[in-house]
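Trainee: The active site, glycyl thioester intermediate feature in TrEMBL is assigned to 113. Among the features that TrEMBL reports, domain 'UBC core' is placed at 31-175. According to TrEMBL, the region 'Disordered' annotation covers 1-28.
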């Protein structure tokens, strides 16, 4: 037992010496970073989605672009900003749409209404569940739990009017929404 402790101590000293020789301390990887790294390694994005990391050293903040190939949003391009805090997976990621879109579950500020991003979040859920949920919002918008009540009413009572709405046809995810910093 004593030998194990001395070996651990020697290993720690070697790591410290290595860190000093390279000119700095090693960055400590947090539990949230490990979990995100695991979730990202298990992702299998189809051809309609891609991730982008504006800062390669920061895996807790990234972009997801969805280009639906079916449904009423087909042909659009929608980018979502993922901000994951250090309490992940105990708290859900913050997700915002960067484009203004006429959608019952995405408001004009980019906030997303997806139950697993709010009250139904559980630590066993992963980033893939969130991404699948976002993709499903484009295939089957949910008018019964809306953020954009006007879009929900149009979708519920007249799908054709919903599709003809200028906000729906013009924006289709092509124009960036100027986002203020903050939560969703």
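Just so you know, glycine gets a Cβ as well, placed from its N, Cα and C.
Just so it is clear, the model here is predicted, and its values are computed rather than measured.
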Trainee: Among all the protein chains here, how many other CB atoms are within 10 A of the CB of residue 113 (active site, glycyl thioester intermediate)?
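Mentor: Residue 113 (active site, glycyl thioester intermediate) is surrounded by 19 other Cβ atoms within 10 Å.
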Trainee: Report the DSSP secondary-structure composition of the domain 'UBC core' (31-175) as helix, strand and coil residue counts.
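Mentor: Across the domain 'UBC core' (31-175), the residues distribute as 48 helix, 25 strand, 72 coil.
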